Each structure stands twice: as structure tokens, then as C-alpha cells.
Amino acid sequence: MATTDTRAAVSRKIPVPNNYRCAAKMLRQVTEEKKSIKTLLRDEKHFRAGRTIMDRLLVNLPQINAIIAHIDLTTKEPRLNPWLARALISELLYGRGELLGASLPVECVRRHETEIRKAYEATKASIPVVQRFEEPRFVRVNTELLNLEGAKRLMQEEGWILVDEEFPDYQSFLNRVQSLTDSEYMVDFHFNDLLVFPHCSKGYWARAEHLLSKFFLQNKACLVPTYLLKPPKKSVVLDMCSAPGMKATHLASLMKNKGRLYAVERNAERYKLLCQYAAPFGVIKTIQADCLDLTDEQVPGVEYILLDPSCSGSGMLDRLRMPEPVDEGRLYKLAGLQYKLLSHAMNSFPNARRIVYSTCSIHPEENEKVVMGVLRHNSHFRLLDARTELGKEWLNLGSPDYPGVGERCLYARSETDLTIGMFVAVFERCADGEENEIYMAHEQQKESYAKLAAIGSEGRKGKKNRGENNFKPVENEPEVQQRHSSGLVAERQHTSAAEGVSAANGVIGEQSESVSTDSVIDETTANGMIAEPSESVSKKKSKRKTDSEHTDSAIDETTANGMIAEQSESVSKKKSKRKAIPLLHDADKTIEFDAAPIATDEQDADVKIGKSRKKKDRKKQNELLLT
């Protein structure tokens, strides 16, 4: 027992190997804080020690999690760091096959090695095989210091063998890239200043500091936007979201370091990194600012704009290997920002000829959807065919769900292009008097909707009121009352005897009969006047149909049991007691309604009696009509 305690005490003093610790820290930050490996490696140089283990971890993480759950390791070893446990299991099963050192966490995992290996076999069948590729190492030649022939000579001196072959198509080139040996390299199919090395060369380039001034380690997909922008020498270029600055340095090379390149970054830390990359290039002028605040006066004469805004980063390799649920809310916010930035680029710089929009995202919400929205509301820029602009074959285009947009945009995809995921769209200013076809189609659609809405509105008005005066106040017309309550609160209206208009002699007479709301309200006449007062039933039977008893009689919406009452008091007496409240809005007119007093229990009883009498009266009238 004493021997075991002594060993444990010694193990606590032995540090965990650095590569295990770095891999565990990176895994935690990638998983919990959603950081990218690229950012971590850039900001924390010592993390490079755990990069190899981290690559294996990401690929095999689902099975490692299943193994830990299968043997219940967290319960058996509650003090073992869960991220470090995953790194150690990855090294044991998918790496060296054994663990280095004698630290306490290492000894802890060693105690369960037999269980871990059995769980590995037990869970293997239930875990889907991860399809991954060995991404090549892309290296861009710094053409300010070295041309292509000089780069080839330098690589030959370093012991690399050039695969100097002609390929009939892009797919043949990709097949050959995947079969590169450890000592071979190639010149890229699309870009002459880009060299392609095998995956295993990453270690070489990490140590080749003597070459880093002559070469840039940059993924091929990141070169597509800059090549499609095509800024000539002595042009004025704006890189709106520039940090860390790799695209800006490539643009400077394409411009032969002549002209003016404004590189803008808002974040202070990223701005420092941008300044480091931009320092050797005199053409680059760095600006720390929010690019949404930039005006043409601050960056005069801008002709070419590159916009590579903040995005979800779903095309980055580490996120492709460890997919996670899509956060729809975050995508919505990012797409809103991207739309604002692209619209700002189109409308704030009157000399801008060409704009390239790119993201390292594979979500259409940040790509085709943003492009479609911007084109619908900005007529003066049109979308070019990016594949045609590239000049060579490309495999992946945008989504067909966005006609007029998808087929003109490019995607770089890891599974086919052996790069990170990237989306690219190219815009060009329309000639004077021209508008892009997506904008015109959208405007036509809006006009069609407006016509349909107008037709529907006319139809509804016709059904409501052929004279279009039901909701228009008429002089001497009794006011309509309507009152809402939160519960079933009784309401009451008082209306006077309506003044009827006689169609025969134009004489206005008073009418003492109250009309219940069970009666149908007639449409008014074409001149908007009130319907004629009722004549005797026998005369109407021979002359014409009866109009509704009076449209100037008020409609009551009252008590909770649905009973409706009216009173025959004069309007003049009630107007002074009522408070007008706005309730309905018809077009641009506001109709005011009187607020009626709330009915009491005694008044409710009167209402019931009143309605009963009215029913009897109507029954008698109906009997007369049927005789």
C-alpha cells in the first residue's frame, strides 16, 4: 500500500507531455468556445506541438466518446480531465499505440488500457466511418521576391521533385495530387504562382523558416476571390475585412506593388497582424476602422472591392471534420451583417467597377441568399459568371435553388477540390441606363402583386358596400358604437329614431320604430344617402323589394350573452354624454365611434323584453308578407 502511495506521489510531480496537454486544450476550445484550429495555432504558437494528435482526435472523436461512455471512464476516474482523457485515448488507439511518460493522467489511462481496447472493438461497428482526405499543403510564391522559375530551382535545391505533367482536365489534376509521394510537388492547375505539396510536407514547412519570406502558406481556395477581382497595376483597391492580410498581400502582388490598396480591419489585435503582413508592400495602406463607416472621401477613387466578411466558418477543415448543429439564429445575424456590408460596397463608392464577395462558409443563407437579396434591391450591379471569369474548368457551382445566382457562383469544396470550403460571387457595375435582370424581375413581381392586391381590395369593398360609404361619416347620421372589454362585459348602445330620406318627395321624416340587429343592413344608394323609410307591406309587395330598414340605425355589440338592445332616445341628448374613441381605420380615414355606457342588470332585463317584442313584431310582418 505504501508503495502504491509513493508511486502516486511521484506521478503527481511528473508533468504531462506537452503535446498531450496542447491537444487537450485545443479540443476544449474548439468544442466549447467554437474557435478554429487555424486561429488557435496563430495566436498560441506552442499549440503546434499538439496539432498531429488534434487532427486524429477530430476524425475519431465520435468513437472516442462512445468508448468513454462504454467503460464509464468518467465515473471510474472522476478527477481525470475529460479533454486530456480523449487526447490520451486517441494517441493510444490511433497514434503511437502507446503513451509516453509516467504522469498521473497517463498512468490513469494505462490502468484502463485493456478495457479501452475491448470497447474500441465493441463500438467500431456502430460508429460510421469518417470520410476524410489528406489535404495537400498549398504554398504561394511571393512574386515580389521570386518568380516561378526561381521557386522551382529553390525547391530542387531542397530535394523536392517537380511533377511536370500536362493534365487534360481538372479532375485528372486532382487525382494526381492525391497520389503525390513524400518528395514530389506540382504547380497548381489554375494558378501559376501556387505550388502543391503532399500532406506529409506540413512538418517540413513548419520548420522551413528560411523560406517563409519567399513563400506564403495559403490555401488555394483563398486565392480564388483575389484572382477573380483582377485588379490591374496602378488601380485603387479596397479590401474591406482584410485581417489577417493574406488576401491583401496577394492583391498587392497582382498589382505589381503599384497603385493603392486600402486594407481595413476593425479589431485591434487582428489589425496588428494585418500590419505585420502588409509591411513589406508599399502599395498597402492599412486602416483601423469599421468598414461600414468608410466613405468615398476617406478612401477616394476605389475601383475594385474585395469583401470577405465575418461568417460561420463552416467550410474550415476542422469544422468539416467535427460537424455541429446549425445555429439558425446566428446564421440569420451573420447574413444580415453580410447583406449590409455588400450593399454598402455597392452604394458608397461611385467609382467601383467590380466587387468580389466571398465567405469560408458552405451555408446558402450566407452565400446565394445574400447575393440574391442584394441584387433584388440594387439595380446598378450585375452578377457575372464566375467560372467564365476564372477561365478554366471548375467543378462546384452554387445551388440551383437560387435561379440566376447559383449557376454563376463558385464553391470550393474539401471533398472534391481538396481545399477548405469557400464561396465566391463576382459583381460588375452595369452600364448607364441598364439594370440587372434579377432586380427587373423582382420589380415586375412587385407590380403583379400590387395589381392582385388592388383587385382583391376592390372585390372586398364591393361585397361590403356597393356605394363605398358604409364606413364614411354622413351628416346627421347616427354614430356607430362598438366597445371591447377584456372579459364578457356587457355593453349598451343608445340610438335615436333614425331620420329617413324619402325617395319619392325628398321629405325627411322621423321614424319611431327601433330596428334590432337581427335585421339585415342594406347597402346604401349610389349617392351615399340613407335608404328609404319603410312603406306599408301591401304597397311594397306590388312596387319593389324592401331595402333594409335603415342603414342609419346604429349597430350595437353588447352583452356577454349576445343580447342586443337599442333605445329610441334622441341623438342630440346622447351626443353630449358620449366620448368619441377611434376604432376603425379605412384607408387614410379614421372613423370615430361613441363609447356607450355599460349596461346594468335592470337594463339587461329591458333588453330581453325589448328583443322579445321585436321578434313578435317581425313574426306578424312575415305572416302578412306570406299572405
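Cβ atoms here come from the backbone N, Cα and C positions, even for glycine.
The annotation active site, nucleophile is assigned in TrEMBL to CYS360. Taken residue by residue with DSSP, CYS360 (active site, nucleophile) is part of neither helix nor strand, so it is coil.
The DSSP secondary structure for GLU265 (S-adenosyl-L-methionine binding site) is strand. If you draw a 10 Å sphere around the CB of GLU265 (S-adenosyl-L-methionine binding site), it holds 26 other CB atoms from the protein chains shown. Residues or ranges marked as S-adenosyl-L-methionine binding site in TrEMBL: GLU265, ASP290, ASP308.
For 511-527, the entry in TrEMBL reads compositional bias 'Polar residues'.
Taken from TrEMBL, the feature compositional bias 'Basic residues' covers 610-619.
As annotated by TrEMBL, domain 'SAM-dependent MTase RsmB/NOP-type' applies to 127-430.
Per TrEMBL, region 'Disordered' is recorded for 457-627.
For the binding-site residues ASP290, ASP308, the ranking by surrounding Cβ atoms (within 10 Å, all protein chains) places ASP308 first. For CYS360 (active site, nucleophile), the Cβ neighbour count at a 10 Å cut-off comes to 23, with all displayed protein chains included. Listed in chain order, the extra residues whose Cβ falls within 8 Å of the Cβ center of the S-adenosyl-L-methionine site residues GLU265, ASP290, ASP308 are MET240, CYS241, SER242, ALA243, VAL264, ARG266, ASN267, CYS291, PRO309.
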